[in-house]
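Reading through the structure tokens given below for one structure.
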Amino acid sequence: MFYLTMQILLIIILATLLGLGLGWWSRGLMADIRQEKSDTEGEKEIDPFAARSRLEQCHNDNAGLRRDLKELEEQLESFERVKQLNQEDSDLLEQIKSAELRAEALMGDIQERDDTIAILENELEKLRSE
């Protein structure tokens, strides 16, 4: 009989300790939930001074971003102009190369004509001397 009483007493003590532990643990969870709820409710409250400072910060950020955008647009335009000038330069280089080839061909023709003129002048001199 004493043995059964001790077992029952041990089970009651274990159940009490387990209940206290679960109660303590659930109290901590509830406190965390309440804290999170109060934090979110605190965020919902509107502070006009904080809202005004956030608005001013947004305006400042907006102005900075607009300045950056304008600078980037100017850089893009200058890059486009450079690209266009490079295209025009390559077209001009092609024209210069073709003009140089024509000039060389004309110089060759002029040289042939000069040689022909020199030969004809020599023949003319021979004919005059006879």
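Just so you know, glycine gets a Cβ as well, placed from its N, Cα and C.
Residues of the same chain lying 6 or more positions beyond the ends of the transmembrane segment (6-25) include none with a Cβ under 8 Å from any Cβ of it. Annotated transmembrane segment per TrEMBL: 6-25, in sequence order.
Computed over the coiled coil (55-130), the whole-number mean pLDDT of the model equals 91. What TrEMBL records for 55-130 is coiled coil.
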